[in-house]
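**Q** Got a structure for you, written out below as C-alpha coordinates; questions coming shortly.
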Amino acid sequence: MLNTFYLLLCCFVLSCIAFRCDNPVRKRGDIGTLKKWPDNTIPYEIDSVYSSADVDLIKSSLADLSTKSGNCVKFVPRTSQHVVWVRVVSLDGCYSDVGLAVESGLQQLSLDRSGCMTIDTIQHEFLHALGFPHEQTRLERDAYVKVLYENIQPNKKHNFDKDAQGSILSFGLPYDFNSIMHYTSDSFSTNGLPVMVPASPNDKSWRYTMGAGNKLTETDLYKVKKVYGCIA
(Lines of atoms letter the chains of each structure in order from A and count residues from 1; the text may use other names and numbers.)
(Lines give C-alpha, C1' and ligand atoms only; values in the text may rest on other atoms or scores of the structure.)
Protein backbone atom coordinates (compact mmCIF):
# COMPACT_ATOMS: atom_id res chain seq x y z
CA MET A 1 0.00 0.00 0.00
CA LEU A 2 2.87 2.34 0.82
CA ASN A 3 4.40 1.61 -2.58
CA THR A 4 1.09 2.52 -4.21
CA PHE A 5 1.05 5.86 -2.35
CA TYR A 6 4.55 6.75 -3.52
CA LEU A 7 3.68 5.73 -7.07
CA LEU A 8 0.66 8.04 -7.05
CA LEU A 9 2.72 10.84 -5.52
CA CYS A 10 5.39 10.50 -8.21
CA CYS A 11 2.73 10.55 -10.93
CA PHE A 12 1.28 13.76 -9.47
CA VAL A 13 4.67 15.47 -9.30
CA LEU A 14 5.58 14.45 -12.84
CA SER A 15 2.23 15.61 -14.20
CA CYS A 16 2.61 18.91 -12.36
CA ILE A 17 6.04 19.41 -13.90
CA ALA A 18 4.70 18.54 -17.34
CA PHE A 19 1.83 21.01 -17.09
CA ARG A 20 3.80 23.61 -15.11
CA CYS A 21 1.40 23.78 -12.15
CA ASP A 22 1.59 26.99 -10.18
CA ASN A 23 2.40 26.36 -6.53
CA PRO A 24 1.39 29.32 -4.36
CA VAL A 25 3.63 29.69 -1.35
CA ARG A 26 0.78 30.30 1.07
CA LYS A 27 -2.87 29.54 1.43
CA ARG A 28 -5.37 30.99 -1.00
CA GLY A 29 -6.25 34.60 -0.14
CA ASP A 30 -3.06 35.26 1.84
CA ILE A 31 -1.32 38.52 0.93
CA GLY A 32 1.97 37.78 2.65
CA THR A 33 3.84 40.81 3.92
CA LEU A 34 1.95 43.39 1.87
CA LYS A 35 0.82 46.57 3.63
CA LYS A 36 -2.33 47.77 1.92
CA TRP A 37 -3.52 51.35 1.63
CA PRO A 38 -6.33 52.31 4.05
CA ASP A 39 -9.81 52.32 2.55
CA ASN A 40 -8.38 50.95 -0.73
CA THR A 41 -7.39 54.53 -1.54
CA ILE A 42 -4.11 56.16 -2.52
CA PRO A 43 -4.09 59.91 -1.93
CA TYR A 44 -1.59 61.59 -4.24
CA GLU A 45 -0.03 64.92 -5.05
CA ILE A 46 1.80 65.81 -8.24
CA ASP A 47 4.97 67.88 -8.26
CA SER A 48 4.74 71.30 -9.92
CA VAL A 49 7.43 70.35 -12.47
CA TYR A 50 4.82 68.57 -14.59
CA SER A 51 2.99 70.33 -17.40
CA SER A 52 -0.79 70.53 -17.42
CA ALA A 53 -0.80 67.85 -20.13
CA ASP A 54 1.33 65.60 -17.90
CA VAL A 55 -1.02 66.14 -14.97
CA ASP A 56 -4.04 65.33 -17.12
CA LEU A 57 -2.35 62.13 -18.32
CA ILE A 58 -1.52 61.00 -14.78
CA LYS A 59 -5.05 61.70 -13.58
CA SER A 60 -6.72 59.98 -16.54
CA SER A 61 -4.43 56.94 -16.19
CA LEU A 62 -5.38 56.58 -12.53
CA ALA A 63 -9.07 57.07 -13.30
CA ASP A 64 -8.82 54.32 -15.93
CA LEU A 65 -7.17 51.94 -13.45
CA SER A 66 -9.83 52.66 -10.85
CA THR A 67 -12.70 52.23 -13.32
CA LYS A 68 -11.34 48.96 -14.70
CA SER A 69 -10.98 47.62 -11.17
CA GLY A 70 -14.68 48.29 -10.67
CA ASN A 71 -13.72 51.16 -8.36
CA CYS A 72 -12.15 48.61 -6.05
CA VAL A 73 -9.18 50.94 -5.66
CA LYS A 74 -9.31 54.72 -5.77
CA PHE A 75 -6.86 57.55 -6.27
CA VAL A 76 -7.73 60.94 -4.83
CA PRO A 77 -5.92 64.27 -4.60
CA ARG A 78 -4.20 64.59 -1.25
CA THR A 79 -5.69 66.88 1.38
CA SER A 80 -4.55 67.90 4.85
CA GLN A 81 -6.75 65.11 6.23
CA HIS A 82 -4.59 62.38 4.73
CA VAL A 83 -1.93 60.86 6.98
CA VAL A 84 -0.07 59.02 4.20
CA TRP A 85 0.11 59.78 0.49
CA VAL A 86 2.09 59.34 -2.72
CA ARG A 87 4.02 62.26 -4.13
CA VAL A 88 4.63 61.97 -7.86
CA VAL A 89 8.03 63.40 -8.78
CA SER A 90 10.21 63.48 -11.88
CA LEU A 91 13.48 61.85 -10.83
CA ASP A 92 15.84 59.63 -12.82
CA GLY A 93 13.65 56.76 -13.98
CA CYS A 94 10.27 55.17 -13.38
CA TYR A 95 9.94 53.53 -9.97
CA SER A 96 7.90 53.20 -6.79
CA ASP A 97 7.92 51.52 -3.41
CA VAL A 98 5.90 48.30 -3.36
CA GLY A 99 2.84 48.73 -1.17
CA LEU A 100 2.35 51.24 1.64
CA ALA A 101 5.90 51.96 2.78
CA VAL A 102 5.48 54.71 5.38
CA GLU A 103 3.60 55.10 8.66
CA SER A 104 2.94 58.77 8.01
CA GLY A 105 3.86 61.41 5.48
CA LEU A 106 4.71 60.88 1.84
CA GLN A 107 6.31 58.15 -0.22
CA GLN A 108 7.76 59.13 -3.56
CA LEU A 109 6.82 57.66 -6.91
CA SER A 110 9.04 58.73 -9.79
CA LEU A 111 7.71 59.35 -13.28
CA ASP A 112 10.59 60.87 -15.22
CA ARG A 113 9.09 63.37 -17.65
CA SER A 114 11.57 62.30 -20.32
CA GLY A 115 10.58 58.65 -20.46
CA CYS A 116 7.77 57.59 -18.13
CA MET A 117 4.79 59.54 -19.35
CA THR A 118 2.66 56.80 -20.88
CA ILE A 119 -0.56 55.30 -19.54
CA ASP A 120 0.90 51.81 -19.10
CA THR A 121 4.00 53.08 -17.27
CA ILE A 122 1.95 55.27 -14.94
CA GLN A 123 -0.38 52.37 -14.14
CA HIS A 124 2.59 50.00 -13.74
CA GLU A 125 4.17 52.23 -11.10
CA PHE A 126 0.92 52.79 -9.23
CA LEU A 127 0.34 49.03 -9.20
CA HIS A 128 3.71 48.81 -7.47
CA ALA A 129 2.45 51.39 -4.98
CA LEU A 130 -0.65 49.25 -4.45
CA GLY A 131 1.64 46.35 -3.59
CA PHE A 132 2.28 44.34 -6.74
CA PRO A 133 5.78 43.17 -7.76
CA HIS A 134 6.88 42.33 -11.30
CA GLU A 135 5.34 39.26 -12.91
CA GLN A 136 8.75 37.83 -13.82
CA THR A 137 9.77 37.71 -10.15
CA ARG A 138 7.33 34.89 -9.33
CA LEU A 139 9.11 31.96 -7.69
CA GLU A 140 7.95 29.60 -10.44
CA ARG A 141 9.05 31.91 -13.28
CA ASP A 142 11.86 29.57 -14.42
CA ALA A 143 9.19 27.32 -15.92
CA TYR A 144 8.14 30.22 -18.16
CA VAL A 145 11.14 32.50 -18.78
CA LYS A 146 14.88 32.05 -18.77
CA VAL A 147 16.57 35.16 -17.38
CA LEU A 148 19.87 35.96 -19.11
CA TYR A 149 21.65 37.86 -16.37
CA GLU A 150 24.76 38.32 -18.49
CA ASN A 151 22.79 40.69 -20.74
CA ILE A 152 21.30 42.83 -17.95
CA GLN A 153 22.76 46.15 -16.81
CA PRO A 154 24.60 45.35 -13.55
CA ASN A 155 22.69 47.89 -11.45
CA LYS A 156 19.34 46.59 -12.75
CA LYS A 157 19.76 42.87 -12.08
CA HIS A 158 17.86 43.12 -8.79
CA ASN A 159 14.70 43.78 -10.79
CA PHE A 160 14.83 40.15 -11.91
CA ASP A 161 15.35 38.58 -8.48
CA LYS A 162 12.67 36.11 -7.46
CA ASP A 163 10.19 37.38 -4.88
CA ALA A 164 7.85 35.17 -2.88
CA GLN A 165 5.29 37.99 -2.92
CA GLY A 166 5.03 37.62 -6.69
CA SER A 167 3.74 34.09 -6.19
CA ILE A 168 1.65 34.79 -3.10
CA LEU A 169 -0.23 37.60 -4.87
CA SER A 170 -0.84 35.48 -7.97
CA PHE A 171 -3.35 33.23 -6.17
CA GLY A 172 -2.53 30.27 -8.40
CA LEU A 173 -3.34 32.17 -11.61
CA PRO A 174 -1.46 31.22 -14.78
CA TYR A 175 1.76 33.08 -15.57
CA ASP A 176 0.86 36.22 -17.54
CA PHE A 177 3.37 37.13 -20.25
CA ASN A 178 1.14 40.04 -21.23
CA SER A 179 0.76 41.54 -17.74
CA ILE A 180 1.34 45.25 -17.45
CA MET A 181 3.74 44.22 -14.65
CA HIS A 182 5.90 42.03 -16.94
CA TYR A 183 9.14 43.38 -18.40
CA THR A 184 9.83 43.19 -22.12
CA SER A 185 12.44 40.79 -23.45
CA ASP A 186 15.00 43.60 -23.78
CA SER A 187 14.32 45.62 -20.61
CA PHE A 188 17.60 46.98 -19.17
CA SER A 189 19.68 45.14 -21.77
CA THR A 190 23.32 46.14 -21.63
CA ASN A 191 24.20 44.93 -25.12
CA GLY A 192 21.01 44.90 -27.19
CA LEU A 193 20.53 41.17 -26.62
CA PRO A 194 17.47 39.73 -24.86
CA VAL A 195 17.39 39.65 -21.07
CA MET A 196 14.62 37.03 -21.05
CA VAL A 197 13.48 34.32 -23.44
CA PRO A 198 10.62 31.84 -23.12
CA ALA A 199 11.71 28.74 -21.22
CA SER A 200 9.39 26.40 -23.10
CA PRO A 201 8.99 25.90 -26.86
CA ASN A 202 5.25 26.07 -26.19
CA ASP A 203 5.67 29.75 -25.33
CA LYS A 204 7.98 30.73 -28.19
CA SER A 205 5.38 33.15 -29.57
CA TRP A 206 6.17 35.39 -26.58
CA ARG A 207 9.84 35.70 -27.59
CA TYR A 208 9.41 39.27 -28.86
CA THR A 209 6.06 40.20 -27.36
CA MET A 210 6.35 39.39 -23.64
CA GLY A 211 5.66 42.47 -21.58
CA ALA A 212 4.75 44.46 -24.68
CA GLY A 213 1.09 44.74 -23.77
CA ASN A 214 0.24 48.31 -22.90
CA LYS A 215 -3.08 47.59 -21.23
CA LEU A 216 -4.18 46.08 -17.94
CA THR A 217 -4.96 42.38 -18.34
CA GLU A 218 -7.79 40.47 -16.71
CA THR A 219 -5.15 38.82 -14.54
CA ASP A 220 -3.82 42.21 -13.40
CA LEU A 221 -7.30 43.35 -12.47
CA TYR A 222 -8.22 40.09 -10.74
CA LYS A 223 -5.19 40.43 -8.48
CA VAL A 224 -6.12 44.01 -7.57
CA LYS A 225 -9.68 43.02 -6.71
CA LYS A 226 -8.56 39.95 -4.79
CA VAL A 227 -5.89 41.68 -2.72
CA TYR A 228 -8.10 44.66 -1.91
CA GLY A 229 -11.04 42.51 -0.90
CA CYS A 230 -13.48 43.25 -3.70
CA ILE A 231 -13.87 39.58 -4.63
CA ALA A 232 -13.79 36.53 -2.38
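Backbone N, Cα and C define each Cβ position, glycine as well.
Curation does not apply to TrEMBL; its annotations are automatic.
Pulled these features from TrEMBL for this protein:
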type: SIGNAL; residues: 1-18; note: signal peptide
type: DOMAIN; residues: 23-231; note: domain 'Peptidase M12A'
type: DISULFID; residues: CYS94-CYS116; note: disulfide bond
type: BINDING; residues: HIS124, HIS128, HIS134; note: Zn(2+) binding site
type: ACT_SITE; residues: GLU125; note: active site
**Q** List, in sequence order, the same-chain residues at least six positions removed whose CB sits under 8 Å from that of CYS94 (disulfide bond)?
**A** SER110, LEU111, ASP112, GLY115, CYS116, THR121, HIS124, GLU125
**Q** Using the recorded Zn(2+) site (HIS124, HIS128, HIS134) as reference, state which further residues of the same chain have their Cβ within 8 Å of the centre of those residues' Cβ atoms, listed in sequence order.
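**A** Not counting the recorded site residues, we get SER96, VAL98, GLU125, LEU127, PHE132, PRO133, ILE180, MET181.
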**Q** Which residues does HIS134 (Zn(2+) binding site) neighbour through Cβ under 8 Å, counting only same-chain ones at least six apart?
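**A** The list for HIS134 (Zn(2+) binding site) reads ASN159, ASP163, GLY166, MET181, HIS182, TYR183, given in order along the sequence.
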**Q** In the three-state scheme derived from DSSP, which category covers HIS128 (Zn(2+) binding site)?
**A** helix
**Q** Looking only at HIS124, GLU125, which of these recorded positions has the biggest number of Cβ atoms within 10 Å around its Cβ?
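**A** Comparing the recorded positions HIS124, GLU125, the most crowded Cβ belongs to HIS124.
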**Q** When the pLDDT values for the domain 'Peptidase M12A' (23-231) are averaged, what is the result?
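**A** Averaging the confidence scores along the domain 'Peptidase M12A' (23-231) gives 94.
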**Q** For CYS116 (disulfide bond), what is the tally of other C-beta atoms lying within 10 angstroms of its C-beta?
**A** 20
**Q** Counting only residues 6+ apart in the same chain, whose Cβ is under 8 Å from the Cβ of HIS128 (Zn(2+) binding site)?
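**A** Counting only residues 6 or more apart in sequence, the Cβ neighbours of HIS128 (Zn(2+) binding site) under 8 Å are TYR95, SER96, ASP97, VAL98, LEU109.
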